[in-house]
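**Q** Below: one structure in structure tokens.
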Amino acid sequence: MNMKKYFEGPATSLDDQIESYATSRVPATQRWPRPAILLVLTGNVTAMFWFSLGGQIGFLVGWPMFLVPIAYMVVGATLIGSLIMRIASQEGLSLPLLTRGLGFGTKGSAVASLVYAVNYVFYFIFEGSIVSHGLSEWAGIDIDSFWATVVFAVVALVALYFSWRGMHSMNVLQRFGMPIFLVLFAIGMYMLASGYVLVGPGEWEATGGFSSTAMWQTLSLVNGQIVFQALIATDYGRFVKKEVTYRGTAGLMLSELLMIVVVMILGVFLGFTMLRHFDGSATPELSATDPGLYFAIVMGLLGVVFAIVTQVRINVMNLYSGSLALSNAWDALSPRKFGRQWWMVALLVLGVALYPINVLQYTDKFLAVTGIMTNTWIFILLADYFVCRKWLGLAPATNIEFRDGFVRNWNPCGISAMAVGIVIGALGVFGMYPSYYASFIAMFVGPIVYIPLTIATRGRFYTPTTLPTDSLNTDLPDGTPTHR
């Protein structure tokens, strides 16, 4: 195998590229080399979100305390990501499809899938808003104007084009997009150093003074990411070859996360450097954590181009993963089929409609709420797989069933556990206890409720009372028909 082959996926039909096995197993013949998957994931690494989140955390706790939540995120996401990605690669299933068998049922998984899709709607708007803010700054267009929305829509259409053929078109985009990103970023840093007073780590002090409350706020911000980054990686990790071990999937996660850390530290540097520029404005910290705004100020038109390139590279991933979640939700709820690509169109239309609310100002609240939902969901899946299946043997731990008719429509154990976790987490969001504890409490409550329920019911809600007539036929994760 030559070097080029390490960074490319296997040949497949155009239909399979577009549909991307959204509602079926990935065959063994369609597995990708890990370097090729990591290349696709670099679109996530350079997302503007990480510049922004790094700046927010830096303003809250300063340096070197900034490293505490970052270390937690890297260790936590590597561990959880390696587990989830290995399960996905063994089964060849996306996370929404795994959810059907791992404690939620067919229609129950649709609920989790909708929660999952909401994340991608937010991140899609978040990244697109940054581009619009940059262009608005350069061209003098009001951020909340009609023309800013048009800009958002046009750039979103570019992302739609590059995500249309799934992994294959995204692989091409990231292969050529990464060098462009690096060149433009280097130019931006040169222009920043030439025209601004740079602020180094010695001056990165918490803007409101360091406190334990501020530290918990930063931990809450990254707590949702320890799971969500694992989820993103798993959407692509199902293409990892089946023989890859936990160590291999952990290496894939760690490689991505270490690159993210570099971008976050640069976000702190840029935030503190640009804070002086925005001093005296109505919202200096919000402006100093808006990469689209400060790159346009520092680089002018080049900054806008840089923001567009970066936004397209990440929003192809948001559209792709969001479409997988919505495809599963619809497949579970309706017999009528819609192709994965049309769900990307739906996400784009929804993003354009919601753009004017300026989601950047709600980042902390959104991360708190989605952290509660996604963390509870994923910890239930892990509890089902490793405790209920592998340890207690309540259901098979291999060839996990996902097909309609072969699993229950609703598994009350998973749905009930998730509901309890979300309600307890919501109490924190609504002020019954400090909100920054909410996602931590919820993610442990879910499994604590789920495991006893599944033991008490002896796993009888995994499968329906009556199986379809072709129940002897199934597809193994390698795509080979077999008999049980």
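Glycine residues also receive a Cβ, built from the backbone N, Cα and C atoms like all the rest.
TrEMBL feature annotations, pasted as is:
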TRANSMEM  35-53  transmembrane segment
TRANSMEM  65-88  transmembrane segment
TRANSMEM  109-126  transmembrane segment
TRANSMEM  146-164  transmembrane segment
TRANSMEM  176-199  transmembrane segment
TRANSMEM  219-237  transmembrane segment
TRANSMEM  249-272  transmembrane segment
TRANSMEM  292-310  transmembrane segment
TRANSMEM  342-360  transmembrane segment
TRANSMEM  366-388  transmembrane segment
TRANSMEM  409-430  transmembrane segment
TRANSMEM  436-456  transmembrane segment
**Q** With contact taken as 3 or more Cβ pairs under 8 angstroms (pairs 6 or more apart in sequence), are the transmembrane segment (219-237) and the transmembrane segment (292-310) in contact?
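**A** Since fewer than 3 Cβ pairs under 8 Å link them, the transmembrane segment (219-237) and the transmembrane segment (292-310) do not come into contact.
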**Q** Considering only Cβ pairs within less than 8 angstroms, which of the stretches 65-88, 249-272, 292-310, 342-360, 366-388 has the most against the transmembrane segment (146-164)?
**A** 342-360
**Q** Cβ under 8 Å, sequence separation of at least 6 from the ends of the transmembrane segment (176-199): give me the contacting residues as numbers and ranges.
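**A** Long-range Cβ neighbours of the transmembrane segment (176-199): 39, 42-43, 46, 269-270, 272-277, 295, 298-299, 302-303, 305-306, 309-310, 312-313.
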**Q** Against the transmembrane segment (409-430), which of these stretches has the most C-beta pairs under 8 Å: 109-126, 249-272, 366-388?
**A** 366-388
**Q** Report the listed stretch (65-88, 109-126, 342-360) having the maximum count of Cβ pairs within less than 8 Å of the transmembrane segment (366-388).
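**A** Ranked by Cβ pairs under 8 Å, first place goes to 109-126.
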**Q** Can you find at least 3 Cβ pairs under 8 Å between the transmembrane segment (342-360) and the transmembrane segment (65-88), where each pair is 6 or more residues apart in sequence?
**A** no
